[in-house]
Amino acid sequence: MDAPEPIDAAIGDTDTDRDSDAFQGGDHPLFAAAPRSTNFRKLRKRLMREVRQTLTEYAMVRPGGRWLVCLSGGKDSYALLAVLSDLRWRGLLPVDLLACNLDQAQPGFPAHILPEFLDRHGIAHVIERRDTYSIVTDKVAAGQTYCSLCSRLRRGHLYRIARENGCEAVVLGHHREDIIETFLLNLFYGGRLAAMPPKLLNEDGDLTLLRPLAACAEADLARFSNALEFPIIPCDLCGSQDGLQRQKIKEMVAGWEREQPGRTQVMFRALANTRPSHLLDTGLYDFAALTPGAAESERERGNEGADGDCGAALAMTAKLLLG
């Protein structure tokens with residue numbers, strides 16, 4: 001397989017709004033009725049910038065590829081489809097997009113909404129119905145949540161659909177808060193440090209899982225979807241949402257953000273700023289090789305002070321003392 005083209009060349013100059021050779025003019029049909037307000041234009045540009053930065057940083061784009069964009073009918077997946085379609089329309093995303101909805105036969109699911117929406121906007125798509133709901137309700141004990149088994153079944157079908165349609169990537173709409181909440185769930189309940197990676201290779205090694213909205217704030221996606229008046233489908237049709245651990249974590253993170261605005265972004269940045277030598281995983285860092293004179297010390301690297309304080313704490317202390 002050929003190596004990917006350098007990503008800056010693949011998606012264009014990040015300081016421009018469009019590639020003049022590929023830009024089709026005007027707006028993508030999804031934006032035909034978009035608000036013309038300054039606030040919406042700023043929001044749209046911010047989401048595009050964050051997505052393009054994620055595409056670049058994690059080398060997601062292989063020009064000429066084909067992506068299966070998963071559409072559940074929720075605000076996040078609508079926003080994902082809209083932003084990617086916008087980038088492609090402007091000549092900034094050189095891949096084909098195929099929207100996909102997997103109808104899992106949940107009670108009351110309005111099966112007509114997504115096909116009508118996609119047809120109306122001229123978006124290539126595939127809709128498939130698979131009754132995973134009956135399987136989940138049969139296998140999961142009463143009172144337990146369906147999410148884990150449901151997710152595994154859904155993922156398997158999406159991989160199959162991607163292969164059948166010649167797609168090299170399955171694209172999901174997880175955002176910044178989803179990633180932070182997953183990290184905290186694993187920390188509090190799973191006993192491990194792990195989150196949702198923006199890019200992941202599947203177990204068979206033939207498909208890539210992408211999360212282009214990784215750096216996008218959930219509140220921005222909600223405002224974006226509301227402004228474009230997408231026909232949102234509720235996510236609680238299965239009846240398995242109340243009391244979920246994720247909901248408790250979500251409320252906790254939201255509380256931190258209310259009390260100290262900006263904490264969510266700080267936590268998100270921390271996930272890309274790890275120091276294996278300051279954790280306890282011997283498989284990740286060779287502590288056995290850490291002997292006097294064997295290597296540059298932590299203090300020389302600027303990671304730690306003489307008494308074990310982190311560099312950031314020392315810098316803050318110095319500022320307070322000298323300020």
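Each residue, glycine too, has its Cβ placed from N, Cα and C.
The annotation region 'Disordered' is assigned in TrEMBL to 1-28. Feature annotation from TrEMBL assigns domain 'tRNA(Ile)-lysidine/2-thiocytidine synthase N-terminal' to 67-226. The motif 'PP-loop motif' feature in TrEMBL is assigned to 72-77. Per TrEMBL, [4Fe-4S] cluster binding site is recorded for CYS147, CYS150, CYS238.
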Sparsest Cβ surroundings (other CB atoms within 10 Å) among the binding-site residues CYS147, CYS150: CYS147
For the motif 'PP-loop motif' (72-77), residues assigned helix / strand / coil by DSSP: 3 helix, 0 strand, 3 coil
Average model confidence [pLDDT] within the motif 'PP-loop motif' (72-77): 96
